Structure formats: C-alpha cells, structure tokens
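S.K.: The following block contains the structure, expressed as structure tokens.
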Amino acid sequence: MNITTADFFCSYSSLNGLPSDGRPEIVFVGRSNVGKSSLLNSLCARKGLAKTSSTPGKTRLINYFIINDNLYFVDLPGYGYAKVGQGERESWGKLLTGYIQKRGEIALVVLLVDSRHPGMASDLEMMEFLDYCGRPFGIVLTKWDKLKQAEKSKASRTIESCAPNARFIVNYSSLSGSGRDRLLASIDTFTQ
C-alpha cells in the first residue's frame, strides 16, 4: 500500500452521523499514550495529521482520516487512563465498544501495544473483546526504538504467546519509521 493522500476528515463524539459511504475502515485502538497519533502521523508521512500530546487521554473523540480517497483510518479514544472521572471513562468505554461491536465498515482493527509493557491486562481484555466480536486484528508494538535488544526479544515472545489470533504482529518506531512498510503491507491485505 502506498499512501499518496491523507487528510483529517471529521471527529465524532457519538456513533450518530458516522460516514456511510461504504469505504472500509482501518481502526487504531490502544491504551492511552500508547502512541496512536504518532503512529498515524508516521504511517501517513504527515507530521501533525493527528494531534499528539504527552498528556494521556487527549483523544476523546472518534477521529476519521481519509486515505487515498478510498478508505478511512479511524483513531479511537485510548483506554486505561485513570486520571479522568469515572463517568467520562465509562462514556469513552461505551463509545469504543459500541463502535467496535456495531460498525459494519470495519475491515481491520490495529491494536497498538506499548512494547515496554506487553501483556497488560487491559490489552489482553481488548484482544478477547475483538475475538468475541469476530473482528480481525493485528498488533503493533509501539515505541520499539526505546528497547534494548534483550528487551525486544522478550517483548516479542510475550506478545506472541498472548495473541495467538492476531493476523500480524509488527514492531514499530514512529521516530525512525521502522516497521512502516510491513504495517502498510499488512493493512493492504484487508482493503482489497
């Protein structure tokens, strides 16, 4: 897959009014501060396409980006952020689960996992939920450049044992772009 155009499309605070034009949706989900926005910017080679922040929980909406005018990348709010109120956390949870359960246009879910913390309970719960919903998913180990070689081997083994149903596992560095081509090729197989 070659990304020639990537533009912000729209943000949604509810499941009402989501695009109904039949374009496939590649969904990016993960814990708060896992690097979803940085990965999207790197993947699309567009700095600033998705707003990044060092503050967890910044993405609070469903953000749509139109790619090559024929598909959407969808950035979902992160899960697992403890510093928001219970009501807001529940609201995000309902938005996220409702979208994943009901959205017919989802072609693939890309689950981002911090390579420094593979196998966290919330990530394992998301994998189970995706399996329960029958959603094909792949895993991207983010922040790969922050690990030493021994840590990389351990992270890979851990995630492989935790995610037997993942269609692919890609090690990714948003800083260097390492893993970009492999991730794009993996996504491409679900948009044909």
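Glycine too: its Cβ is placed from the backbone N, Cα and C atoms.
Swiss-Prot lists these features:
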- 30-37, 57-61, 75-78, 142-145, 172-174: GTP binding site (BINDING)
- Ser37, Thr59: Mg(2+) binding site (BINDING)
- 22-192: domain 'EngB-type G' (DOMAIN)
S.K.: Name the secondary structure element type, per DSSP in three states, that contains Gly30 (GTP binding site).
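M.R.: DSSP assigns Gly30 (GTP binding site) to strand.
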S.K.: Hey, does DSSP put Lys143 (GTP binding site) in a helix, a strand, or just coil?
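M.R.: Once the DSSP labels are grouped into three classes, Lys143 (GTP binding site) ends up as coil.
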S.K.: My understanding is the cutoff is Cβ-Cβ under 8 Å with a sequence separation of 6 or more in the same chain; which residues meet that for Lys143 (GTP binding site)?
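M.R.: Expected: Gly35, Asp114, Ser115, Arg116, Ser173, Ser174.
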S.K.: Around Ser37 (Mg(2+) binding site), how many other C-beta atoms are within 10 angstroms of its C-beta?
M.R.: 22
S.K.: So what pLDDT does the domain 'EngB-type G' (22-192) average out to?
M.R.: 89
S.K.: Within 10 angstroms of the C-beta of Tyr172 (GTP binding site), what count of other C-beta atoms is obtained when all protein chains are considered?
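M.R.: I get 27 for this one.
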S.K.: Tally every other Cβ atom lying within 10 Å of the Cβ atom of Leu61 (GTP binding site).
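M.R.: Taking all protein chains shown, Leu61 (GTP binding site) has 15 Cβ neighbours within 10 Å.
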S.K.: Just to be sure I understand the packing, how many Cβ atoms besides its own are within 10 Å of the Cβ of Asn33 (GTP binding site)?
M.R.: 20
S.K.: Any idea what the Cα distance is from Tyr172 (GTP binding site) over to Ser37 (Mg(2+) binding site), rounded to a whole Å?
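M.R.: Counting only the Cα atoms, the answer is 13 Å.
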S.K.: Would you mind checking how many other C-beta atoms are within 10 angstroms of the C-beta on Gly30 (GTP binding site)?
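M.R.: Cβ-Cβ neighbours of Gly30 (GTP binding site) within 10 Å number 25.
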S.K.: Sort out for me which one of Lys36, Pro77 has the most neighbouring CB atoms within 10 A, since those are the binding-site residues we care about.
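M.R.: Within the set of binding-site residues, the most crowded position is Lys36.
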